[in-house]
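**Student:** Pulled from TrEMBL, these are the listed features:
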{"type": "TRANSMEM", "residues": "20-41", "note": "transmembrane segment"}
{"type": "TRANSMEM", "residues": "48-65", "note": "transmembrane segment"}
{"type": "TRANSMEM", "residues": "71-92", "note": "transmembrane segment"}
{"type": "TRANSMEM", "residues": "99-121", "note": "transmembrane segment"}
{"type": "TRANSMEM", "residues": "141-158", "note": "transmembrane segment"}
{"type": "TRANSMEM", "residues": "165-185", "note": "transmembrane segment"}
{"type": "TRANSMEM", "residues": "197-220", "note": "transmembrane segment"}
{"type": "TRANSMEM", "residues": "232-256", "note": "transmembrane segment"}
{"type": "TRANSMEM", "residues": "262-283", "note": "transmembrane segment"}
{"type": "DOMAIN", "residues": "473-682", "note": "domain 'Histidine kinase'"}
Amino acid sequence: MGMILLSRLGPGDPHQLYVIANGITATGFLVMAVVVAVAGWRGWQARLFASAALGQALWAGALLVTGPGGAVASVLYTLHLAAWSVFLASMLPGRLSGLPLTGSLGSVLLVGLKAVLVYAGPGGGGAELAAALRTELTLDLLATILALLLAVGVFHAAGESKRWALKFICFPLAMVFAFDLVLLSQSLAMGLPGVEYVNLSALLNAVAVPLVAWGVHRCGFWAEEIVVSRQAALYSITLIGVGAYLLAVSVVALLLERGVGTMVVPLRDGLLVASILLVAFLLSSGSTRARIKGFVGRHLYVQRYDYALEWRKFMHTLSEEDPDSPLETRIIRACADLMEVPGGALWLTEAGRLHLAATWNYRAAGVQPGRVAEALFQDRTGDWTCLYGRRLAASPFGADPSAWAAIPLPWGGSLVGVIVLSPPRAPHTIDAQDEDLLMLIARQCSSFVKEHRAVRSLEETRQFAKFNRQYAFVAHDIKNIVSQLSVMVRNFERHYDNPAFRDDIQTTINNAVDRLQEMLKRLARFEAGEAALEPQEELRAYDMVREQVAERAASAPCPVRLAADAAAKGARIRTSRERFTVVLGHLLSNACEANGSSGSVQVSMALSDREIVLDISDEGPGMSFEFVRDYLFQPFRTTKASGYGVGAYQCREFAREQGGDLDVISSPGSGTTMRLRLPVVGAVVAEPAAS
């Protein structure tokens, strides 16, 4: 085979390219082997790299001496593939202390087998020689596939901080191995490759020299080992397993080709489809993933779990916002994913008893734990522990045949709940590492449950507060109406003969009825869960104030005087007529009550910076700054025996909703001025001042 290929090279440029390329490859990798061996001989990865580079240099040198098909070159080709495979395998994560020795022994066996095939094979020609050549090519094909998978797997398994260096080692090697795979496949299928393919292979090896050298310079793997996450190790093991499976399928296909004659094509195609389906089913199987993960954790690492990774996955599951997955379900799913189990149930403590709160891929078999003592989940020292095995069978949860483990959710010294998990996908026995991680996760779940309950309780409290505030406002408005009607009842006998008084009675009663009906409508909307928003309309503020002043003057014992400038009389505001009437009535009532049996109330209106400024001033005892700041606008706090403590708060909230505010100007002994500011809308048309 080697002499046939060499004879095809011929004189001229192709031969020169072949010689130059292989010379560069041999020299470059020999220099790298010497430098790395001298600089990092104490590092075992450096020694493996030096061995692989030396094997590459020897193979390239043999190509120069004997040609691509010489016996020495053929054996050295397998040797350099085996050396690169051992080096690349050493860069995978995990417990690799025994890998160089194991890989070296495997390499010796592989190279020995190749040497036997080359030197002890049949001589001459004929069918026996062709069969021996096919066996050699198949062996090299398998070794090339393994080396290619390892080159890709190392880069895929490395972290982001390592890939910037490893790409200059993995990519060139993967390129060379992939082209060799094409050459070997072509040789098996269609015979020996042409001269141009041999020259191109030599050129690719020469191109790889500076790239690999730069990768070695960047990587510096002889100074520190490359450490990769468990997730990357899982992917790498899976990739290697799939590669081994495909190799086995290839061997079976070759055997079928020799034994079945004309049926080879349908059988080969059927085998290909069946193998692909089997790989797809295995990779999508949760049980398979669990078994591979368990293998990686048991055999490649001292600690079974990557705690940082598991914590990030756990917090991501708990924190995701999904309306179809409430917190209780997410807690079950987070713990189930941690232990590779398909489902579970969550029991939460309410009124001292455990109640089923949620299930996920789990059917609780009618178990009712009821009251469960905290001591059930505590050891002799008082530490919280999980229930599994015999302890689970002896507990109230043992009556459920689907239960595999029960994890308590502790909060201080109390039990918040219990998570019950179904049996795992792959056989697994809980040990100390599992229990430590489960209890760490359980405490975090407890805090999430407590926080969720606190938020829900706070929301319920807010709803009740909103409900109570709404009824307090209504009661306050009713009190104001009752006060007006009471004054009229007291004056009824004395002024009944006065026609103007009777007209005032009718007007006041009509207004009271209208306001009470509007209150009933608001309550109906509130009970129906609708927004209690009154219709907004444009109003002349002066007209509304004048009506309230006139009504107050007819029913209140104290005189009320109104003064407004021309601009204020023409100003319009956009608000709810009903609420504005209630606010004016409250401010005027408070002013009259502050005056007592003597004194008057002064109401003045002015326009300032496109705001209506309404001052309602009394001659009462006044209020201190501290009282105004700390008590006046606090809801449900009042100094009146029959008050509700919401009037001032209601007035200020109304003003702020409209874009204005309510200020208080007062001091002890000098009366009080309530200053209501409301924004005006549209153009202001001034009216002549009335006398």
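Cβ from N, Cα, C; glycine included.
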**Student:** Considering only Cβ pairs within less than 8 angstroms, which of the stretches 48-65, 165-185, 197-220 has the most against the transmembrane segment (20-41)?
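**Tutor:** When the Cβ pairs under 8 Å are tallied, 48-65 comes out ahead.
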**Student:** When you scan the chain for residues with a C-beta under 8 Å from the transmembrane segment (48-65), skipping those not six or more beyond its ends, what do you find?
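**Tutor:** For the transmembrane segment (48-65), the sequence-distant neighbours (Cβ-Cβ under 8 Å, at least 6 residues beyond its ends) are 18-19, 22-23, 25-30, 32-34, 36-37, 41, 72-73, 76-77, 79-80, 82-84, 86-87, 90, 100, 202, 205, 212, 216, 221-222.
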**Student:** Do any residues, 6 or more residues outside the transmembrane segment (197-220), come within under 8 Å Cβ-to-Cβ of it, and if so which ones?
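**Tutor:** Beyond its ends, the transmembrane segment (197-220) has Cβ neighbours at 5, 8-9, 14, 17-18, 20-22, 24-25, 28-29, 32, 36, 49, 53, 56, 60, 63, 68, 162, 164-173, 175-176, 179-180, 183, 186, 226.
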**Student:** What average pLDDT does the predicted model assign to the domain 'Histidine kinase' (473-682)?
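**Tutor:** Average per-residue pLDDT within the domain 'Histidine kinase' (473-682): 81.
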